[in-house]
Amino acid sequence: MTSVTTLQPSGTSGGQPMILLLLKLRTFIALIAVFAFFSFAAPNFLSTANFVIMSKHVALNAFLAIGMTFVIITGGIDLSVGSIVGLCGMVAGFLILNGIDLGIGYSLYFNIFEIILITLAVGVLVGAINGVLITRLNVAPFIATLGTLYVARGLALLSSDGATFPNLVGNEAYGSTGFHLLGTGSFLGIPVSIWLLIAVGLAAAYIAGRTPLGRHIYAVGGNEKAAALSGVKVNRVKMFVYMFSGFCAAIVGLVISSQLVASHPATGETFELNAIAAAVLGGTSMSGGRGRIGGTIIGAFVIGVLSDGLVMMGVSSFWQTVIKGLVIIAAVVVDQAQQRLQARVALQQQAAAA
Amino acid sequence: MTEAKHQIGLSVRAANKVYPGTHALKDVDFDVRLGAVNVLVGENGAGKSTLMKVIAGVEQLTSGEILMQGEKVTFPDTRTAAAHGIGIVFQELNLFPNMTVADNIFIAREKTRAGIDIAARDQRAEAAALMQRLEHDISPDAMVSDLRIGEQQIVEIAKALAQDARILIMDEPTSALSAAEVEILFRVIADLKKRGVGIVYISHRLEELIRIGDYITVLRDGARTGARSMDGVDVPWIVQNMIGAASKDFAKTVEHDFGDEVFRCENISLMGRTGKRVVDDVSLSLRAGEIVGIYGLMGAGRSELFECIMAQHPHSTGDFYVEGRHLNEPDVAGRIGRGLALIPEDRKSEGLIQILPIRENMSLSSLGSFVKGIHLSLGAERETVKRFVKDLAIKIASMENPVSSLSGGNQQKVVIGKALMTSPKVLLMDEPSRGIDIGAKAEVFRTMRRLAAEGLGILFVTSDLEEVMSLSDRIIVMSNGSITGEFDGASVREEQIIAASAIGHAPASEAGHVIGSSNG
């Protein structure tokens, strides 16, 4: 942090910045605490194999949470991501197994790269529909995405009449083999899905911190009217965040069906809630304007490590749910305390400068 | 009016109210006499509304006291004030558009059976009686959202009457009423006076005040500058006390010649929701280096004109030209790109993003100039912001602090900085001195002068007579959406401006808009 002109706060109030720093790093500290705890409490927790499994779990939630973070920063919410996960999995499965029946005795089959691109496009399209509903038709984000939640889930179920698309190994002749590599392959000992998460996470953090688009996302969430009067194209920004969220959800749909080598239409139910929880745990404000991609990813890790660790300890899944809820509430309470302290420190600095 | 001694129902003594960055009331004494109309007058920002909010329990005094019947009282909330017999008709309408007239009149004081069941029929009957007293046939079951603004104001007045207040505050009750409706209101006020109610009456329409007032108190910059019985008071006396003999420091610093025309608008019109034109066929032009002040009363259409210029009303008609070239850009970003920049009236809700850092607020409109490829150069951004912070003498501890930590004056400078960072040719400033203290005002004015000397064209809106007279090279007066006068800043007299701003408001001349004398 750089300071411009005049005075720095005097050294006497050195205690507050220290507390503030601790509060800012709280999610990270929580992650370390959770790690330390399970290292002692759960046998085999510290094994490499366990880390690989855990990080795969975390990655799924983290993708959704990254997309969700942008949406929440603009002051919106995207409830449809879980359904997009399900729908996109089904799209990929359908294309691999059946291709598209052209109705003249021929079916059109795609190779694996085309299938992945089409699936991603479907996710972006659902996000674009959310965006149009919200920007052009003025539907509240909660309602618009609740609607697409149902529609996308229904379409996923319709695509197979509720059945699973099994055994997605593809066909050599069509070039559609190798789908499983996305979910199960690894590179340099690290799973492909983690490499993907690193790529998407870095891209999102870059957008947030170093591009005008990122600034505009924060501005829209902080004060939409003022942003519009400052020349920010509010509708375009909103379209982007919902489309990006749909894109992230499509990645998850692909990764899950690839891991299972099958796609099931109910995949991804309630994923949206985990994504919101991870974002909030990472310091994203539900009222908009505040949040960090890095924080969200750490938040996703806290939730993931917590639930996997509790499973390994043999804690009942009912208790796990209770504990997860308590952690989220505690995170938000601490966040409020940090906001108050931060405002006070800023005012003190200002008083010292004036 | 009789000179009979009116009993004092409420008095305020040595009242001070301090907001972060502004001193809104300075040692103000104020008496409300029962059975009389106590007029309160002053320019916008003089502290009238603050004083009324204190009496109604909306705001609390920083220091000072309120006395009733010689005893000290405190009003921590509106409920306590209402229990002491104080009712208020707010300047901004405080109605619930989604509820009926009767529901609104009895909101939070519902007539109930056994404390639970709302006695809807009683409420309706009483609401109807109130409407009859106000000589209006508004149905108690009508939705407030379906009423005209004037009718809504009547409902607001009925709401205050329903409380049987001993002291009734009316903050600009006639601003949206027609001449006939004003007459009705005055009859109601006369009736209330007879019943011994003390009325506090705030208005900008000076003739109106002289007509119905019994006592007058004048505020200026938060301090009381005059208080007396209305006998013998005339408009010049009021204006003198409102504005004061000793002028603020507006000294013209740099004498310079104007350049070519930078901005022109032709035949701008905007339809309001009620089908009345809010902006009515406005044409004006601005030269480089020129400061043009637009003066008018509330609702004259000045802010709406600025909103039209900044593409906030897609349905507005007319043409804009920047440096002679037609302005086709349909959105704000495009218009900023063409060299227009707006400093909005409401800093908090339209000018700033409170939770974001000072740096991000200042660079928000000009991010494009820091982009290399798709990459935002944070270093270049920081350097530029730093330069503007220094140029504008913004007092900040760190540019990473949220903008909400600054005082009003410094916040205003951040908004100005944001506009200037887009390197505009034309600066539109809507009430640039609202809500900031005198020192910050002077600095903002000096900045405006300097910018004009550097060749910027400045168009600014104000309701402050003194401000418009001392800052402007040319003054345009608006009333009811149209331009009613244009004057040379050096030679104009106050009365001319006040007269032009009242055109279309005078009781008799409802028909047509008269274009006032022009000696530009």
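Cβ atoms here come from the backbone N, Cα and C positions, even for glycine.
Curation plays no part in TrEMBL annotations; they are all automatic predictions.
According to TrEMBL, the transmembrane segment annotation covers A:27-46, A:58-77, A:83-100, A:112-133, A:139-158, A:179-208, A:239-256, A:293-311.
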In contact by Cβ distance (the transmembrane segment (A:27-46), the transmembrane segment (A:83-100); 3 or more pairs under 8 Å): no
Contacting positions for the transmembrane segment (A:112-133) when only residues 6+ beyond its ends and CB under 8 Å are counted: 78, 80, 84, 87-88, 91-92, 95-96, 139, 141, 144-145, 147-148, 152, 170, 175-179, 182, 238-251, 253-254
Cβ-Cβ under 8 Å with the transmembrane segment (A:58-77): same-chain residues at least 6 beyond its ends: 85, 134, 141-142, 145, 191, 193-194, 196-197, 200-201, 204, 208, 217-218, 220-221, 224, 237-238, 240-242, 244-249, 251-252, 255-256, 271-272, 274-276, 278-280, 282, 284-293, 296-297, 299-301, 303-305
Of A:27-46, A:139-158, A:239-256, whichever stretch has the most CB pairs under 8 A to the transmembrane segment (A:179-208): A:239-256
